[in-house]
Amino acid sequence: MTLALESLPGSSGYLDIYPERKMYYFKNPYVLGLTVVAGIGGLLFGYDTGVISGALLYIKDDFEAVKNSSFLQETIVSMAVLGAIVGAAAGGWINDAYGRKKATLLADVVFALGAAVMAAAPDPYILIAGRFLVGMGVGVASVTAPVYIAEASPSEIRGGLVSTNVLMITFGQFLSYLVNLAFTQVPGTWRWMLGVSGVPAVIQFVFMLFLPESPRWLFMKDEKSKAIAVLSKIYDFPRLEDEIDYLSSQLEEEKLKKTNVSYMDVFKSKEIRLAFLAGAGLQAFQQFTGINTVMYYSPTIVQMAGFRSNQLALLLSLIVAAMNAAGTVLGIYLIDHAGRKKLAISSLSGVIVSLAILSGALFAGQYGLTNGLDGWIAVIGLALYIAFFSPGMGPVPWTVNSEIYPEAYRGLCGGMSATVNWVSNLIVAQTFLSLAEVAGTGLTFLIFAAIAVLAIVFIVVYVPETQGLTFEEVERIWKERACGRDPNTESLLA
């Protein structure tokens, strides 16, 4: 049984016929609450990204070996990323096999354990082990939260709700800088900074015990009555019936397909291969344009620009983190109004300009050409970078990856693309300080700007617009492209 696209609940045609059934961002407190609780996984992601940037300043004071080794500093930062690679790679399979809820609970347990290990670490090597555990938890959460939110979201507000998870990431980064500032004068500074990260994991674990499993996952596992109970809290009665009919028809189609998919199946099917190329490419470009270099090392970058005080560096980085969060709020609105593709291209265009300003300031400071203003110009460039990046390339890769894969592949491909994100993150985090030492910080940021130019070309060619489309409408795009017919060709440059 195949439904006409205009009859699919949430599609533009459906909502034209039944405008009264359209959902809005704040219309259903249940969906919004589910999104916020699931988004605590994003907060853990963001907090860990941000907290290490400030903690590293004090870890160097406590451990002489760390102070004298850029490699050891990079390893402390990037070991969490390595753990996230493992967590994300396993997270896709865990999501499909055991569900989104159990995957979230597992991530919370691993994260809280890692936070305790870091807080009690007697030497840099135990600290590194704790960072790996925390990273595993973040990796599983980075796969799970966007998929869980997307599968419980009406399609017309799916972009905004999934972007709420990215807002939680940026809020976690902002919170981490506040915590860093709060503990600068407390004995055991960095131990408190890192140990406090276990608190949100415990909070999410408790709340998740009372939240349901994803209704789409329940349908996929033939637990129809449980799925309907969840859907009844999301939709009013007329649309509820349509959603149930739609998911039932999808279940019948899935039964006719191969349901036990493997990693190799992703590359055997052209349509899945094309979807994965678009999703994984977005994730890679998100990292190689430098965002987590800025978030991991922003206090260090500020010090490179001439501000030597630890506290001043943290304060300026707090302002950068606040702009990141504010930009993401704007992104929540724009992603369902301007569209994913236009938003990403506009974001990258601004990123290129701001990286050029940052790079120019760092070059000028290196050669003494700005009479002491280079530090402030660098901070302005850093702030502009965040202002342009956060509304677009922050949420777009995660949103697109939560909606471009068919049901049977969603967890697996979501995990694989998140793994690409974390591998790219690891490469950037592990090489930034060494590259800056060899080539200079100015040239390093120019390289990021050049990569942003390539990212625009990639998005124009390979990424379709998915704004407002149902999962089935998106699947139809890949089928058309696999056959050499692109229904979105006219909008590639739109």
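Here the Cβ of each residue, glycine as well, is placed from N, Cα and C on the backbone.
Residues or ranges marked as transmembrane segment in TrEMBL: 30-59, 71-93, 105-122, 128-149, 161-183, 189-211, 274-297, 312-335, 347-369, 375-400, 412-436, 442-463. Look at TrEMBL and you will find 34-467 tagged as domain 'Major facilitator superfamily (MFS) profile'.
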(request) Take a look at 71-93, 105-122, 161-183, 274-297, 375-400 and tell me which one has the most Cβ pairs under 8 Å to the transmembrane segment (412-436). (result) 71-93
(message) Return the average pLDDT for the domain 'Major facilitator superfamily (MFS) profile' (34-467) as a whole number.
(response) 86
(message) If you count every Cβ pair below 8 Å, which range out of 30-59, 105-122, 161-183, 375-400, 442-463 shares the most with the transmembrane segment (71-93)?
(response) 30-59
(request) Would you kindly list the residues that approach the transmembrane segment (30-59) from elsewhere in its chain, counting only those six or more residues past its ends and only Cβ-Cβ distances under 8 Å? (result) 23, 66, 73, 76-77, 80, 104, 107, 111, 124, 127, 131, 134-135, 137-138, 141-142, 144-145, 148-149, 152-154, 161, 164-177, 179-181, 184, 189-190, 193-194, 197, 200-201, 203-204, 207-208, 211, 233-234, 292, 295-300, 310, 313-314, 317, 321
(request) With a Cβ cut-off under 8 Å, give me the same-chain residues at least six positions beyond the ends of the transmembrane segment (312-335) that come close to it. (result) 25, 50, 53-54, 57, 159-160, 163-164, 166-167, 169-171, 173-174, 176-178, 180-181, 184, 294-295, 298-300, 302-303, 343, 379, 382-383, 386-392, 394-396, 399, 467
